[in-house]
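In Swiss-Prot this protein carries:
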- 81-183: region 'Cyclin-like 1' (REGION)
- 196-280: region 'Cyclin-like 2' (REGION)
- 330: phosphoserine (MOD_RES)
- 337: phosphoserine (MOD_RES)
- 347: phosphoserine (MOD_RES)
- 350: phosphoserine (MOD_RES)
- 356-366: compositional bias 'Basic and acidic residues' (COMPBIAS)
- 368: phosphoserine (MOD_RES)
- 440-453: compositional bias 'Basic and acidic residues' (COMPBIAS)
- 454-471: compositional bias 'Basic residues' (COMPBIAS)
- 472-481: compositional bias 'Basic and acidic residues' (COMPBIAS)
- 489-514: compositional bias 'Basic and acidic residues' (COMPBIAS)
């Protein structure tokens, strides 16, 4: 194919080039390349195909979305004013601001104001134009400037922009809008500005020394950026119209036989049309951006309702009135929300919470302190004493000190009594010290029974008191009997070990009589 870049669909007039037999991979005799529903035989990059045809001007995408011509024109004017004001605050050259406004006008002749945010596209055009004209600005600075302009337009005190998730989302939307602008314009973003052309034409007319005339023509040219003249006429015709209007305003005579603009290829009809469009700006009333945005929102909701009705989601007569302020442009309310329906069923979590509330007072009663100690603490002390008694190994009992204490006892019965006392449940400490030990022992036995029933873990006790043997059942007595047998078994083992230890001790004393003195 002839060139390497594609023009925007619908924006540029089709400029077709003949297909060569070997270039671009096209087969000989082929009619072109079908892209979408259009047939292209080539692409021609030229500034002449950046002008809109008449059919695009008469029926724009915004008009097809339901916006009237006045609202669309107001949005175009406000968007270009925002770009100009932001360029001044960003200290961009005038050429960059002009490029941004032209790109803005071109884009919204291919896309609708209803489907694309005017403010986001304005930011994207400023950011893109600054890079095109070799004066790049950071996207953060662009966002901050537009944020300040919005506050000033709404007559609010400017507040610094917060760097939160909303800022990140806005930044991503602007980047996407910039890509969309490039795609819709076919990456043909070059703009030929009439700034230099005005100075060159005034030099030909020998009026370049009249600074007032030059500045006035320049001002008219900057104001024409808010209109659609840059997508309808050549830059040479726009430059001639700005000079013509400035000379008529300042009452400076210019050659008219023949007319001077004919020398530069402009016609009288084009000059009059451009002057009429520029002067219309000064007779327009100041538009309110909030009113324009509300109109756009109305159209958005109307389109969404039409789509929902086409899909059968909304009945034909259930659409709310768009003019009612109280409706808020939301679809018809449902008789019962899904949250209310879910709330009627009891969830497992709510049942669990109710059980906890019921068990709360029972737990509090069970944890009431007895004799200054909680039941849990009492059971812990009992378990500790039992663990200590159980952990006494035969080796420990067979130590010399233990042997000495055992030999000091009078009878085996007294030995068993001392052992049973040491291994029985230790009574809890009394808060009232004057209480007798016997009553506290009875209370301790009762507490230990309660704890055993609560925890459902029966502990085998080695105490041989008559009160416990009466209260226990047959099964427990059997188990205690078994345990007693076991205890006798361990006791016999300890005795045998102690005897063997005594024998070895006597043997040791015979061999080494000096050491026996120290042991005694």
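Here the Cβ of each residue, glycine as well, is placed from N, Cα and C on the backbone.
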Taking helix as H, G and I and strand as E and B in DSSP, count the residues of the region 'Cyclin-like 1' (81-183) in helix, strand and coil. 72 helix, 0 strand, 31 coil
Over the span of the region 'Cyclin-like 2' (196-280), count residues by DSSP class, listing helix, strand and coil in order. 62 helix, 2 strand, 21 coil
Could you tell me the mean pLDDT over the region 'Cyclin-like 1' (81-183), as a whole number? 93
